[in-house]
Amino acid sequence: MVTIRADEISNIIRERIEQYNREVKIVNTGTVLQVGDGIARIHGLDEVMAGELVEFEESTIGIAPNLESNNVGVVLMGDGLMIQEGSSVKATGRIAQIPVSEAYLGRVINALAKPIDGRGEISSSESRLIESPAPGIISRRSVYEPLQTGLIAIDSMIPIGRGQRELIIGDRQTGKTAVATDTILNQKGQNVICVYVAIGQKASSVAQVVTTFQEQGAMEYTIVVAETADSPATLQYLAPYTGAALAEYFMYRERHTLIIHDDPSKQAQAYRQMSLLLRRPPGREAYPGDVFYLHSRLLERAAKSSSRLGEGSMTALPIVETQSGDVSAYIPTNVISITDGQIFLSADLFNAGIRPAINVGISVSRVGSAAQIKAMKQVAGKSKLELAQFAELEAFAQFASDLDKATQNQLARGQRLRELLKQSQAAPLAVEEQVVTIYTGANGYLDPLEIGQVKKFLVQLRTYLRTNKPQFQEIISSTRTFTEEAEAILKEAIQEQIELFLFQEQT
């Protein structure tokens with residue numbers, strides 16, 4: 001028989017009384033009415049804020065973008081397969097935020113800043129709101145420092161400055177991602193933090209980009225944010241804002257950052273899916289009415305900070321895919337109107353073997369020569385005009401049988417200029433080497449060569465200057481000007497090399 005010991009019972013009661021917590025908690029809760037397709041309808045949650053995070057019983061997190069009269073529409077940040085009708089939901093009182101720190105460099109993360117590269121957790125002591133207001137007018141200054149992409153066609157004719165937003169636009173398979181990744185590779189040793197955001201891409205494509213970065217040693221200054229095509233629409237919608245929050249963390253620490261959004265049209269599609277499921281009224285191409293605001297609030301966060309804020313910068317390169325060259329579609333026109341210029345990639349040029357397939361004639365940078373070093377301005381000033389005239393002349397020459405000598409010379413010069421703009425992938429050039437290349441072509445030194453010999457000769461010339469005339473590179477990098485001394489060294493080197501090259505080719 002069990003004996004009841006009064007002292008034991010009194011001890012237990014005393015312990016329970018001592019442990020009793022008189023703190024009263026008010027929790028804002030609701031009930032799931034309906035769930036499916038990444039959307040949940042919640043009854044209750046009377047005091048929830050727009051955009052507040054809510055937590056379901058089985059620990060899935062959601063965001064509440066739709067506050068209606070009798071229910072709350074919540075988008076789920078997960079598959080939500082375990083959420084049941086009638087289960088409870090509580091408001092967290094927080095808006096979406098992510099942890100941020102230097103430890104994110106070299107890592108691959110998802111839209112919630114959780115690592116997905118299998119290399120363990122990332123330590124951080126700070127956090128930033130995923131959506132934070134863009135810098136105001138007083139917090140900015142005009143763009144004046146160049147951000148070198150390493151691609152001759154861009155750095156000479158469509159220059160990008162630190163703090164600029166430049167759109168990369170073109171059909172599928174025209175090398176848009178290659179232009180962006182080459183720009184990241186060229187930031188090695190430039191003290192620029194890079195963030196590559198992959199939205200709705202194939203996992204294999206993202207893996208290929210990450211492998212390229214690792215092989216070229218670019219991961220040490222790069223963060224990759226990836227939400228692949230099989231991710232929930234909510235996470236694809238959030239990924240660019242996560243990337244921007246990470247870039248902002250470094251920008252406000254007086255660092256220079258570069259963010260690639262690849263690509264915002266996939267984000268717009270994810271947002272359209274969410275909006276239609278939330279029963280928001282559709283507009284043009286079934287996108288919701290605020291799809292312009294979706295991209296403008298993202299890209300306006302790219303800025304060049306004022307002197308008072310330490311002159312950090314965030315340069316944004318959004319990539320938009322067009323359907324058979326139609327740049328007048330809804331999303332392309334929206335992003336063109338938000339950005340400070342665009343780089344058009346043409347499928348025709350790509351198929352003709354001109355890579356990068358940049359259509360220089362219709363590409364533009366609204367910052368212009370303010371984002372170029374003086375040496376580049378001096379040698380590349382007339383290149384864009386010359387190429388445009390050449391393209392016009394080439395079209396005309398197809399119908400003319402006998403051309404005068406001057407026209408033939410102009411066509412020959414144009415063909416060689418176009419040839420020197422060709423570059424292999426993952427082989428960006430330093431600005432000093434670009435100056436050499438453009439000067440050689442623009443001043444007619446390539447005219448005696450066959451078109452097929454141009455690339456080989458330029459490689460030989462750049463190697464010769466690097467090894468035998470290092471003072472040329474020193475003058476350009478220290479003065480940032482194409483001085484008379486630099487020109488004399490270059491002229492001498494070109495004449496020596498062209499004679500040697502022609503002799504070698506003949507023998």
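Placement of Cβ uses the backbone N, Cα and C atoms for every residue, glycine included.
The ATP binding site annotation in Swiss-Prot covers Gly170, Asp171, Arg172, Gln173, Thr174, Gly175, Lys176, Thr177, and the record cites sequence analysis as its basis. Taken from Swiss-Prot, the feature site 'Required for activity' covers Ser363, and the record attributes it to sequence analysis.
Sequence features annotated in Swiss-Prot and their locations in the structure.
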residue	record	contacts (Cβ under 8 Å, 6+ apart)
Gly170	ATP binding site	Lys176, Glu321, Thr322, Phe344, Leu345, Ser346, Ala347, Ala357
Asp171	ATP binding site	Glu321, Thr322, Gln323, Ser324, Gly325, Leu345, Ala347
Arg172	ATP binding site	Glu321
Gln173	ATP binding site	Ala347, Phe350
Thr174	ATP binding site	Leu345, Ser346, Ala347, Phe350, Ala357
Gly175	ATP binding site	Leu345, Phe350, Arg355, Pro356, Ala357, Gln425
Thr177	ATP binding site	Ser205, Val209, Asp262, Ile319
Ser363	site 'Required for activity'	Met157, Ile158, Gly341, Gln342, Ile343, Phe344
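Counting every protein chain shown, the number of other Cβ atoms lying within 10 Å of the Cβ of Lys176 (ATP binding site) is 25. One way to see the shell of the ATP site is to take the Cβ centroid of Gly170, Asp171, Arg172, Gln173, Thr174, Gly175, Lys176, Thr177; the remaining same-chain residues with a Cβ within 8 Å of it are Glu321, Leu345, Ala347, Phe350, Ala357. In three-state terms derived from DSSP, Gly175 (ATP binding site) belongs to neither a helical nor a strand segment and is classed as coil.
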